[in-house]
């Protein structure tokens, strides 16, 4: 007790109180980490707040997260599993990649192409604003880190554009990320192109060939990666083209 009465003791107490006050202020003022909503083991329900028809068979679905500051919690390059019911009332689960990132707080969006015979397509086609979607995740083997490669080559077909769009957005929104992105995106018709910004098409026409890949993708190297995502026949054909052009298995990834 004599120690507490000395000037040194008073200084010690003053410093301690000051440190506690600073620590408390930091705790109160420091930004809280956004609430992550995904659960990799259990499905969670998210409310559809807006459905926007983009074309005769494509729509954008906007789902609300629990709070305006919540984030989905999906690493770049990964996907979610959505659960619904087909036209026979049977449960169906299918993977989808949101077009939004965790920089989009309070909601996430899916751009869905609905096929006539698609089981999950039926569920999305029947969804109305106010309905709920069961979602689980994250899922997937690909995890993007800024600067992990010098360049990406991307080969996408149809709705396979969504993981490419997600990775590309992450690269472009990070001013410190110098990764180059080269994209070849194939569709049956112009109207089938998802997420298209231009109204006039001046691009190539025809099947994606080895020559197209050589012209528009980075050549084989240890610091590049070729990503592909599309219908199974396209994925198979692209893998054969890449192998023939000298891209090793380490240089390729299929979503």
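Along the chain as shown, the residues are counted starting at 1.
Yeah, the Cβs are placed from backbone N, Cα and C, and that goes for glycine too.
TrEMBL does not curate its annotations; it predicts them automatically.
As annotated by TrEMBL, FAD binding site applies to 95, 96, 111, 113, 120, 121, 162. Per TrEMBL, domain 'FAD-binding FR-type' is recorded for 41-145. Summarising the annotation, TrEMBL assigns transmembrane segment to 12-29.
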Inset, instruction - Report the DSSP secondary-structure composition of the domain 'FAD-binding FR-type' (41-145) as helix, strand and coil residue counts. - result: 8 helix, 48 strand, 49 coil
Inset, instruction - Looking only at the domain 'FAD-binding FR-type' (41-145), report the model's average pLDDT. - result: 95
Inset, instruction - Can you tell me how spread out the FAD site is, meaning the largest CA to CA distance among 95, 96, 111, 113, 120, 121, 162, in Å? - result: 17
